[in-house]
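**Q** From Swiss-Prot, for reference:
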DOMAIN    52-112  domain 'v-SNARE coiled-coil homology'
MOD_RES   Ser17  phosphoserine
MOD_RES   Ser30  phosphoserine
REGION    1-51  region 'Disordered'
TOPO_DOM  1-115  topological domain 'Cytoplasmic'
TOPO_DOM  137-141  topological domain 'Vesicular'
TRANSMEM  116-136  transmembrane segment
Amino acid sequence: MPPKFKRHLNDDDVTGSVKSERRNLLEDDSDEEEDFFLRGPSGPRFGPRNDKIKHVQNQVDEVIDVMQENITKVIERGERLDELQDKSESLSDNATAFSNRSKQLRRQMWWRGCKIKAIMALVAAILLLVIIILIVMKYRT
């Protein structure tokens, strides 16, 4: 931290200084300009301006609050978008798996239908062959 300047100096602080310096440092004169910088502006002179500053400061505080809320909302929205993207990717993967499984099942069902038709055709052919053999044997005897 920088050293703080003393308002009133002791004799030990000024030993070795020139008389003019000592007189300027130890004199207790305070003009208005020096007091302004040491104590700050006085209240009555800057009353209306001080109200304006407070008003502007309140507006700045409100803007800061709104910006912080907006940033929080953007962060939450980003998190929700990430979750939504993950769910969307999962749904896409599930849709692809469902499509592949449905194609496989369709093929299985088609082959099952073909097998049933082939068995029915074979049974019909055997029945027809039995009937023909019976008719032929009946006429031969």
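We count from 1, first residue shown onward.
Glycine residues also receive a Cβ, built from the backbone N, Cα and C atoms like all the rest.
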**Q** Over the domain 'v-SNARE coiled-coil homology' (52-112), what is the model's mean pLDDT?
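**A** In the predicted model, the domain 'v-SNARE coiled-coil homology' (52-112) has a mean pLDDT of 95.
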**Q** Can you break down the topological domain 'Vesicular' (137-141) into helix, strand and coil residue counts using DSSP?
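**A** With helix first, then strand, then coil, the topological domain 'Vesicular' (137-141) has 4 helix, 0 strand, 1 coil.
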